[in-house]
């Protein structure tokens, strides 16, 4: 019957030990390794085509490279995040309702991948000699096309991951593959700023030309973004499509939206994830400025090299911790492990108050180590919990609605990104930072350090509280699966 019959249960509640030994996943519930790999590699498109743009390059490129105000840059990114939020339910419902010989997810993934690859390098065409209005207008138009294409790809892509197995623990193992792939892709991503600010892109005066460096990055990585995004469409199969989905009638948008809103276990996951991303993203770019102007006193190449080293160390710790996290998730509840990772990251960020020091710049690697598991909670555990929510939803509605559920979740997740995108520019400006000044005052620099250290820790405290209301543990999912298979058979 699947993992429920194969797991020796000794449940003591959501936070306690749940099995005497590692759970055994039934053969029919296992995802072939080739499909796991193809799906996980698809996440590289997200790392290079989406996260690198929004989290690493956006403010440095627009503000330092093109002299665009950080507030204007923040508003532009807020608009693109809002666009993603609005389009997420649209593409999620379209994906759920699509019926084709290739399934309902894969056609959208393929078209979205091609559109992303074609529009990605065009975002970076503006140069410092462009008129400010032309620069902003160009980025507004091309960015709308790219972020729209990304949403077309990402909604069915992440929905596909929710339906690849009915196993509680195999879902986490798929998340581990995803987290491992993202960790690997994060190594070169951590050195992007060093690449785009290198001497090979210097202007006539020998100063780093960030605009030229980012433009080269766009052309080099566009085929990488497209190729990685296409892999899930080519190699991953949709488990429920032929056996169940083809018999489902297409569902009107607003009915699907109301059903998603009525899915109670989805709400604490939405709130926790929103706070997680707000805390993580709101000051990420501020951290780059702290290194450049406070720790290394304006030395951009040295600061970007330190960022690359920090990301490499974080990668190593995060990668080595994945087997341990997988084992912990099998012995304890997914929620408990996730909460532990978030608490460690919060304490690590607070320690930046004493470990960010110009005389000892490498001390900042210690807080980064504490945050190493944070990305794992996003890539490894949250998707697995969303898949569990999809089972709960099927029991309530009688339909497999991974696309709509993921899109409803995405609506609020992207809205959180809107908030965090705006906060990035506002937090930087609130500290008193002015890029046109030849030097920043000590008071401004210290306010930047405090903002970078404290803001995420406070927000993540709320995230931990939200997770207290998520109740889908292994035993509850075993009961749900038994009820589903009794009703519609084993798939």
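Residue positions begin at 1 at the first shown residue.
Every residue, even glycine, has its Cβ placed from backbone N, Cα and C.
Since we're looking at a predicted model, the values are computed, not measured.
Sequence annotations record features per position, and here TrEMBL assigns transmembrane segment to 58-80 (among others). Same-chain residues lying 6 or more positions outside the transmembrane segment (58-80) and placing a CB less than 8 Å from one of its CB atoms are 124, 126-128, 130, 132, 135-136, 139-140, 143-144, 147, 193, 196, 209-211, 213-214, 285, 288-289, 300, 418, 421-426, 428-429, 433, 435.
Positions annotated as transmembrane segment by TrEMBL: 108-127 (among others).
If you look at the transmembrane segment (139-162), the same-chain residues 6 or more away from its ends with a CB under 8 A from one of its CBs are 39, 42, 45-46, 49-50, 62, 76, 79-80, 83-84, 87-88, 91-92, 95-96, 104-106, 108-109, 111-113, 115-116, 118-120, 122-123, 125-126, 174, 178, 229, 232, 236, 238, 383, 386-387, 390, 402-403, 405-407, 410. The transmembrane segment annotation in TrEMBL covers 139-162 (among others).
Tertiary proximity for the transmembrane segment (174-196) is limited to same-chain residues at least six positions away from its ends with a CB under 8 Å from its CB atoms, namely 31, 36-37, 39-41, 43-44, 46-48, 51-52, 56-57, 60-61, 161, 164-165, 210, 213-214, 216-217, 288, 301, 304-305, 307-308, 310-312, 314-315, 318-319, 322, 325-326, 375-376, 379-384. Annotated transmembrane segment per TrEMBL: 174-196 (among others), in sequence order.
Marked as transmembrane segment by TrEMBL: 216-236 (among others).
Within its own chain, the transmembrane segment (266-296) has Cβ neighbours under 8 Å at 54-56, 58-60, 193, 260, 302-303, 306-307, 342, 356-358, 361, 364, 374, 377-378, 382, 385-386, 389, 393, 405, 408-409, 412-413, 415-417, 419-421, 423-424, 427-428, 431, 433, 440, 445-446, 448-449, 451-452, 455-460, 462-464, 466-470, counting only residues six or more beyond its boundaries. The transmembrane segment annotation in TrEMBL covers 266-296 (among others).
The transmembrane segment annotation in TrEMBL covers 308-325 (among others). For the transmembrane segment (308-325), the list of distant contacts is 176, 179-180, 183-184, 186-187, 189-191, 193-194, 337, 341, 362, 364-365, 368-369, 371-373, 375-376, 380: same-chain residues at least six beyond its ends, Cβ to Cβ under 8 Å.
The transmembrane segment feature in TrEMBL is assigned to 337-356 (among others).
The transmembrane segment annotation in TrEMBL covers 362-382 (among others).
The annotation transmembrane segment is assigned in TrEMBL to 407-429 (among others). Within the chain, the transmembrane segment (407-429) has long-range Cβ neighbours (under 8 A, six or more residues past its boundaries) at 54, 59, 70-75, 77-78, 80-82, 84-86, 88-93, 95, 154-155, 158-159, 257, 260-261, 263, 266, 269-271, 273-275, 277-278, 280-286, 289, 386, 448, 451, 455.
As annotated by TrEMBL, transmembrane segment applies to 449-470 (among others).
Of the Cβ pairs linking the transmembrane segment (362-382) with the transmembrane segment (337-356) and spaced 6 or more residues apart, 3 or more are under 8 Å, so the two regions touch. Within the chain, the transmembrane segment (216-236) has long-range Cβ neighbours (under 8 A, six or more residues past its boundaries) at 34-35, 38-39, 41-45, 48-49, 52, 57, 106-107, 109-110, 112-114, 116-118, 120-124, 153, 157, 160, 164, 192, 195-196, 201.
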